[in-house]
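Student: Straight from Swiss-Prot, here's the annotation block:
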type     : residues                  : note
DOMAIN   : 3-167                     : domain 'EngA-type G 1'
BINDING  : 9-16, 56-60, 119-122      : GTP 1 binding site
DOMAIN   : 176-349                   : domain 'EngA-type G 2'
BINDING  : 182-189, 229-233, 294-297 : GTP 2 binding site
DOMAIN   : 350-434                   : domain 'KH-like'
REGION   : 435-485                   : region 'Disordered'
COMPBIAS : 457-469                   : compositional bias 'Basic and acidic residues'
COMPBIAS : 470-485                   : compositional bias 'Basic residues'
Amino acid sequence: MKPTIALIGRPNVGKSTLFNRLTRTKDALVHDLPGLTRDRHYGHGKVGSKPYFVIDTGGFEPVVDSGILHEMAKQTLQAVDEADAVVFLVDGRTGLTPQDKIIADRLRQSPRPVYLAVNKGEGGDRAVLAAEFYELALGEPHVISGAHGDGVYYLIEEILENFPEPEAEEADAKHPVFAVIGRPNVGKSTLVNAILGEKRVIAFDMAGTTRDSIHIDFEREGKPFTIIDTAGVRRRGKVDEAVEKFSVIKAMQAVEAANVAVLVLDAQQDIADQDATIAGFALEAGRALVVAVNKWDGISEERREQVKRDISRKLYFLDFAKFHFISALKERGIDGLFESIQAAYNAAMIKMPTPKITRVLQTAVGRQQPPRAGLVRPKMRYAHQGGMNPPVIVVHGNSLHAISDSYTRYLTQTFRKAFNLQGTPLRIQYNVSENPYENAEDKPKKKPLRRVSLSNRIEKREGRKEEKNRFKKKTKVSVKKQFSK
């Protein structure tokens with residue numbers, strides 16, 4: 001098992017910067033605003049042959065009794081319980097604070113080994129920076145710089161030397177990865193908690209509470225899965241803080257990293273243009289899609305009918321997706337939603353045999369041929385699979401550039417029904433067999449081979465005739481002269 005290291009400390013001491021250093025990524029948002037990383041964030045790292053997990057926590061505010069900072073403190077304590085080792089970060093520039101002392105008191109009660117790291121120590125005297133932190137009674141302080149990497153390697157190496165070498169493992173198998181997307185405050189984190197059965201993601205009544213995209217691994221019926229809880233995507237004009245701008249980018253990246261996108265809508269609000277925009281982004285990315293209409297239990301029957309009409313009118317392009325009307329707070333409809341997520345993943349990663357694809361194509365053409373485009377009728381010869389996530393079918397033939405969009409939709413529906421491709425986009429590509437010399441300029445120039453060879457033969461024949469004539473003139477003797485002698 002890989003050891004798990006939790007990064008703990010008060011706000012703005014450099015935990016996210018150190019997280020990025022340990023994972024060699026920029027997964028955690030880094031900004032000079034206290035309390036920016038408001039949830040646990042998981043990452044992978046490796047020193048030599050020893051891999052490890054890292055948990056980046058929100059800033060620990062142990063003296064706050066209510067509000068979102070209190071929720072962040074509870075999340076931090078849960079991260080400590082999950083970890084195998086704890087790195088307690090303090091700020092070497094600011095020095096020792098009363099809040100550091102309170103956090104140290106909490107950590108001394110934990111059975112986990114705690115390593116004290118004095119961050120932002122670049123350019124300073126290590127002994128001077130570490131001196132005042134001996135008061136915390138957490139062992140030898142490690143002076144590091146998360147931004148520049150000074151001392152980080154030796155800190156992690158010391159932590160990992162207390163854990164055995166990992167056994168050889170097989171390559172990680174591919175498994176479903178779901179990105180939970182949607183506008184702010186529609187219940188995405190509540191839905192993730194309902195699926196997982198625990199309050200792993202902060203769900204607070206504040207739009208944009210989850211600013212980072214949280215990757216959460218879990219198992220269901222013995223199979224591994226990963227859920228990505230993205231930051232709420234705001235309308236561009238409402239993204240005022242630089243932090244929220246970063247979060248929108250993270251949400252888009254999460255969709256790219258996922259197999260399936262779960263679009264969460266709020267039944268208590270009208271279907272907005274931004275809902276369609278977010279769905280369109282997932283569609284353009286080629287991701288399988290499941291739609292969860294949340295807060296369904298809190299609206300009237302009349303409102304429900306109105307929501308369904310709005311969905312069919314504004315989200316008409318999601319005809320391939322499965323819609324679920326759920327209540328994440330009361331955990332209603334979660335099982336059916338998860339079944340559709342699994343089905344969408346299976347459809348996105350399907351492998352279709354070429355003979356069957358070609359038979360389906362020939363059956364579709366036999367039932368309805370593509371319409372003529374002028375004097376030309378497209379001819380489809382065979383088809384094969386060209387990719388997965390989303391599935392791509394490549395059709396080969398002649399004059400396929402003349403196929404209309406309506407006929408492409410007909411083929412899409414035919415293939416979707418034949419292979420049960422529910423929940424995933426399906427792309428059809430046409431590979432046209434064209435004449436490479438269709439343009440006159442591209443045609444090769446004909447060489448006058450016969451004409452050249454014929455003229456050569458004529459010249460040779462005429463030459464032989466002339467040579468004969470010359471020989472006859474030289475050897476011709478008169479008969480009379482012979483007898484007269």
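The backbone N, Cα and C atoms fix where each Cβ goes, and this holds for glycine too.
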Student: Looking at the binding-site residues Gly9, Lys15, Thr57, Gly121, whose Cα is closest in space to that of Gly182 (GTP 2 binding site)?
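Tutor: Closest by Cα: Thr57.
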Student: Determine the Cβ neighbour count for Asn185 (GTP 2 binding site): the number of other Cβ atoms within 10 Å of its Cβ.
Tutor: 17
Student: Provide the number of Cβ atoms within 10 Å of the Cβ of Lys15 (GTP 1 binding site), excluding the reference atom itself.
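Tutor: For Lys15 (GTP 1 binding site), the count of other Cβ atoms within 10 Å is 31.
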Student: By DSSP, how many residues in the domain 'KH-like' (350-434) are helix, how many strand, and how many coil?
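Tutor: Summed by class, the stretch gives 32 helix, 24 strand, 29 coil.
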Student: Give the residue counts of the compositional bias 'Basic and acidic residues' (457-469) per reduced DSSP state, in the order helix, strand, coil.
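Tutor: Its residues fall into 13 helix, 0 strand, 0 coil.
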Student: Can you tell me whether DSSP puts Gly121 (GTP 1 binding site) in helix, strand or coil?
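Tutor: Coil, per DSSP.
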